[in-house]
Amino acid sequence: MSSTYEAGTRCWVQDDKEGWIGAEVKAKNVDGSKVEIELDLENGETVKIETTTDSIEKGDESNSTLPPLRNPPVLEATEDLTTLSYLNEPAILHAIKARYAQSNIYTYSGIVLIAANPFQRMDNLYTPDIIQAYADRKRGELEPHLFAIAEDAYRCMIRDQKNQTIIVSGESGAGKTVSAKYIMRYFATVEVPDQNSSISYNDSNAHSSHTEKLSKTEEQILATNPIMEAFGNAKTTRNDNSSRFGKYLEIIFNKDVDIIGAKIRTYLLERSRLVFQPAIERNYHIFYQLCAGATEEEREAFNLLPVSEYNYLNQGGDPVIEGVNDADEFNGTKKALTVIGINDVVQRNIFELLSALLLIGNIEIEATRNDASLSSDEPSLAKACKLLKIDPVLFAKWTIKKQITTRSEKIVSSLSKQQANVVRDSVAKYIYASLFDWLVMSINKGLCPAEVEEHMNSFIGVLDIYGFEHFKRNSFEQFCINYANEKLQQEFTSHVFKLEQDEYVQEEIKWDFIDFADNQPCISLIEAKLGILSLLDEEARLPAGSDDSWINKLYQNFDNDANKQFFKKPRFGKTSFIISHYAMDVAYEMDAFVEKNRDTVPEEHLENLMNSENQFLKIVIESALETAQAAAPPPSASKSRTITKKPTLGSIFKGSLIELMSTINSTNVHYIRCIKPNEEKEAWKFDSPMVLGQLRACGVLETIRISCAGFPTRWTYGEFASRYFMLIRSKEWTNDDDIKSICDKILGSSIDDADKYQLGKTKIFFRAGMLAHLEKLRTERLNECAIIIQKNVRKTIQQTKYLKIRQSIVAVQALIRAHLARAKIEDIKRSQAATIIQTNWRGYVARRDYNRIKQNILSLQSVIRGALIRKSIHEKRTNDAVLLIQRNWKGYIARKEYKSHLGKIILGQNCIRRFLAKKELQKLKVEAKSVDRYKEVQYKLENKVVQLTQTLTEKNQQNKKLLADIESYEAKIIQWQAKHKVLEDGHKELEGQLGSISDDHSKQLNSVELELAKVREEHSATLESFSLITEENSKLKADLEAKISELENTQSTIKSQEGSNQTLTVRINQLESQLDKLINNSSSISTSVFNGSPTKTGIRGTLGDSIAANPVTPKSESARGVKHRSFNEPVYLGSVTDTSPLHQQRSIHNDPTSSAAFTSIFGINGEMERLLEDDKFLTKEVIKSLIIDLEIPKFNSSEELHEKEVLFPAHIINLVTSEMWRLGFVKESEKFLGEVMQAIQNKVISYHGNDIINPGSFWISNVHEMLSFVVLAETNMVHNEVLLSEMGAFEFEQYGRLLALVKLDLENLEFNIYHTLMKELKKLLDKVIVPAVITTQSLPGFITSENTRFLTKMFNRESQAYTMDDVLSVFNKVHKAMTAYHLEPDFIRQPILELLKLVGVKAFNDLIMRRNFLSWKRGLQINYNITRIEEWCKVHNIAEGIIRLEHLMESAKLLQLKKATLEDIEIIYDICWILSPIQIQKLLQQYLVADYEDPINAEILEAVAQKVRNDKSNSPILLEATAMDDSGPFELIDTRVLTRLETFIPDEIKVPKIRKFVELSTLANSEGLDEEGMEEQFEQTENMFDTEEQMMANNFENSTYLNGEGEGAEAVEEEIIDGW
């Protein structure tokens, strides 16, 4: 369906300056078969075109008189040129220009990506986030980009198991090198997202090594870029970093699709640039880098000079590139060389060669009359030869001489100065080219060793090669470049045709063979057996070969009718020839063709180089010779000899090019065509004629021509029906038909000529122009529908207006009637109100008078009753006082009489007793005077002497035994004193707190020491008395009769001493018993202090009584050994020390002399110790019942869980830990806590998805409770100064380290649980965010769909998998769980804010990258979804959470704001100030204009693009992605304030051992002594000491009053023994 060029038709007119300019048909005049069309151009001019009706009816745009038609505005800036309705040259140019003006540098043209160089850094297009955005995305899902081509190649390699090639071509300055660099960076850094991957990546190992950092191989691949750029790139008039060689980089993958290596192949290095550079151009970058970045030592060693003093560097006159620091670049090059494996020594050798080459360029050759002259002492020559370590004499000789070898002799001839300079430069070029080739070979050895080739499975090749070149003067280099482009164009054209043909066959449509231009004749002209290159090689091998001879051969062979289409002879002159390439005709100047092709160095110079003492130079030259020999054609054999042809540059290039094409043809090819927008390298300037020429040269227009020959426009059935369903009546939208039938109906009613389209299996194929015709029909239909809608809307408006007026009149009438009725009712109400007021007032007055009288009577009654009561009380007090006085007086009289009577009775008893005593005394005196009595007494005395002698002997033995016992007791006393001193030192802080109690205790100890001293003194006196007794007994034997009168006194003295000794023994035993009791009482006091707090509150059960002191004052750590570990270290520690103070204390506790109260407590502690000693069973019960098999308490909104119901695992673990520390099980406690923490972590890790929310929150709360307990213990330890003196510095430090490590382990455990919880929550939320926040539509009336209402109505679509309720459900679950399990609000904010950040970043990044999605309705829906999140945050007091969604909020606002004028855009910038200019531009470019909206003007988009260019911040497009395996910032909140440890254990938990342990702990704490109890015990001890002293004194008194009879002494002794 062709256009008739009616008035208003838009078209294009050719223009000399702009290439093509837009026009609109103003008028159309038909005169028979002649037609005159008047056009208004966009520049204001008017032109007239004459054509015929036949041309218009045929729609033949190839007719030069018929202007090409212009596409609809909606298609003009399309992302893919093949979707244009009119595929003509101006339409393609305008589309690229429009996108370039909007800062869109990439455009698809079928399988080709067109990249326009912006001449400005656009780093935000190549950030890691952008790389990840294109990962695993099909081509066309996102905007055109280099990364889309790279990803497509990667996907094809995996899917088809075939090698891939990406060809990056374009003329110098088009950005080929940068494009290839970014493609390499993509492969090296991209990480394929596993969750969205639709390709088999061989067990998901693809790119697995890139999550943290690049592998060594990938770093080496990226490092090749700065090296190759330094040695192979240079500044030219067209490009500051122009590649002067072709490069094919193969990135090698193994079976797991990991990058394992790479290979580089280079083509046609521009050797002549080393010795010559045109104006404003530079030599290769490496020379300028060396001069700028070399150290002073290197400058001196290499004889480096400033750039301006080198002939090879100063020819261009502009050695500086703006914005480039050559010194920094030099450091980067050295670093890259190190990365690929070239060490510092080899680098120094490289720089030495480069310095020598610069010096060769400075060699001055003098000219004589006929030849040249060069001295071996020439300064530059001497320095260069010194660096190269070659013979300067030979170098000078063969620079000015030439040797020709004949069959019989060698002829040496002189050279002119010009010829000598050529020889000098050829040596320099040869060395540099050899160095370049060696460098490439070294890179390949490092990147692709033998083991890499063994594991090579596939590769992706990146070809960075020069584009088609044509200058005013074209030479050998341009000829080779264009020859390569001819080969590539042939492959490209055949590839495009093949793809086009394959798609037609696949879709099973009818099609005719498409004819396309084949450039094989042109290629044959160049590379055939007798082609241009063959003749050139032949001429180069002749000793006398010249350019003139060669050009004549070309004229003779190709200037004929058979080749006139591709080879032309110029009209004037015989120094050039013309080849008609696929792009254009290029004239080549013959000058230096033969010499450049020959490109050889004289054999004499080569021999001199090979004899160099510079080993590195020899390696480089040998490598070059081996490469040349390998590239040489096979020798031709004859009978007499074998002729070896030296390879020429042309033959080498031809061979490598054939090899390259063979590689490319064996791979799947992807194309990137780089375009240079202007010659001045000015940012964002677009030179249309220049770009048009490049489009022709790169084959884009040929691709379009091939497409236009068939069916260039293709739409899927869904897309077509979605856009053009209104072209048929709604009654034809039947559910019985499939979508293909509906499309057929639409096409049948819209297009008359069936040849204009074809129905394929999945797509509809249209001829050129059909899409514009359908758009025109669609616009007309929509206009008709709009008129109908307007008619009905106007009718509705008038009808609504009438109904409102009628309703208003009725409402006024009702108001008036209501007013009258209300006035009447008001009068009635007033009358009734007056009556009621009177009634109430009268009642009020009567009640007031009555209450006043009643109150007066009650007051009088109360006064009278009070007086009577006071009187009766006074009388009662008087009677009570009288009775008290009487009772006391009568008691006094009775006591007085009793005392008087008692005194009299005692007096009478004394008199009677005295009388009886006197009577008995007289009787004894009489008996004493009797002789018989005397004899009896004498006999008894003799027997008594014998008895006393025996007794004396026994007493001596007993005294010895007593002395031994005393010594042992003294040793025991010393031992107990030492032990008591240990206890006393261990309780200094306790003594300070106990105050007066400690003083009394010290006094008691002092009194014990005084008593001991008295015992020692009495024992000494006893020994002295014993010696006196011995002397008296000897005297008694000598003079027995003389001493009879003294016998009674002696006997009395002996008995006294015996009693004294016996008393001493008893006293010692009593002191021993008292000392044991004192020690036991001190231990009991210490244990009581450990079980209770020394505070004066006296409140049992609080943390101060039974918890806080426990971890702060544990038993000596040396008792059980302490070994510190981290959380992940093994928990098995060393053995227990048996000689620890703890074991000695336990032996004391078992002493049966301990008090009853202590015995009770020790029994409980002993039972607890028995349970703790079986630590394996106890730990197993805790881990199994309280952790592994524990059923997490469930919560509901109606009833909150009590804190003890949530934290009971932590409380029980804390209680067990506390008792372990109190009872000295330090090692076991460390092992116990380690196993518990590991079990908790393993338990939490076992949960996934939704299941982890409740357990994760529950265990975070419990672990935080445990952490609070340990922190409290650590705090108490710091503030407990007595503990340091009790434990000792070493044990105190070890205990502190234990607490610190346990605290660190608990902090790590809390973070690990939080990290696991957040990781699972992010995974859970990640798949919900985009469908819920971005695609879900909850507002009725503003619903839009990608498939429109038509497809939704016609075909059942699955409802969206996730909605906003799912997102809020996740937040609700997290918040409710953490709140129910008593986590602090500050803690709850952390995960909520991190999840909100994930929502904001994920949703924004997805939104900004979406195509054909963004509309104002979408903005409204997204804004509504965000509002729901905002309301949730406010309800839960997390209002700051909405800040995490600010980018998404402002994006939704932008979509809803007006965008019609530049003022509207300024308003958008003011409102959406959070968004960067590049983000605003991206959203505006992706905005999908509705049918009823005006499209965003190109002028507006260009203005937005200009703002982006002016923005120097270079902000990224995407927000930094939130890592899924990172929990985000985590901050430990303050520990909880612990007041008591609950011992609550739910009944359903079966933990018998734990329950028993908890009960014992409760009993031990309840029976502990408080401060008052300790004071009472000390008082009891003091009273006991006083009582024993009094008893001892009485015993001594009784022994003093004993008479001399033995029976009395024995009775006293027995009494004392019984008492002891």
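Cβ atoms here come from the backbone N, Cα and C positions, even for glycine.
Residues or ranges marked as ATP binding site in TrEMBL: G170, E171, S172, G173, A174, G175, K176, T177. When Cβ atoms from all protein chains are considered, those within 10 Å of G173 (ATP binding site) total 23, not counting its own.
Taken from TrEMBL, the feature coiled coil applies to 945-1081.
This prediction places the mean pLDDT of the domain 'Myosin N-terminal SH3-like' (6-61) at 83. Annotation source TrEMBL lists domain 'Myosin N-terminal SH3-like' at 6-61.
The domain 'Myosin motor' annotation in TrEMBL covers 76-779.
What TrEMBL lists as domain 'Dilute' is 1234-1510.
Taken from TrEMBL, the feature region 'Disordered' covers 51-72 (among others).
Packing against the region 'Actin-binding' (657-679) from elsewhere in the chain are residues 96, 100, 109, 111-119, 146, 149, 152-153, 156-157, 160, 162-176, 179, 238, 248, 265, 267, 461, 463, 467, 483-484, 487-488, 491-492, 495, 685-687, 690-691, 694-695, 698-700: each is 6 or more residues past its ends and has a CB under 8 Å from a CB in it. What TrEMBL records for 657-679 is region 'Actin-binding'.
Here TrEMBL flags 1101-1121 (among others) as region 'Disordered'.
Most Cβ neighbours within 10 Å, among the binding-site residues G170, G175: G170 holds that distinction in the structure as shown. In sequence order, N117, R238, N239, S242, S243, G467, C674, K676 are the same-chain residues whose CB sits within 8 A of the CB centroid of G170, E171, S172, G173, A174, G175, K176, T177, the residues recorded for ATP being left out. Within 10 Å of its Cβ, the residue among the binding-site residues S172, T177 with the fewest other Cβ atoms is S172. A174 (ATP binding site) counts 26 other C-beta atoms within 10 Å of its own C-beta, drawing on all protein chains shown. E171 (ATP binding site) is surrounded by 24 other CB atoms, counting those within 10 A of its CB over all protein chains shown. For K176 (ATP binding site), the count of additional Cβ atoms within 10 Å of its Cβ stands at 30 [all protein chains shown].
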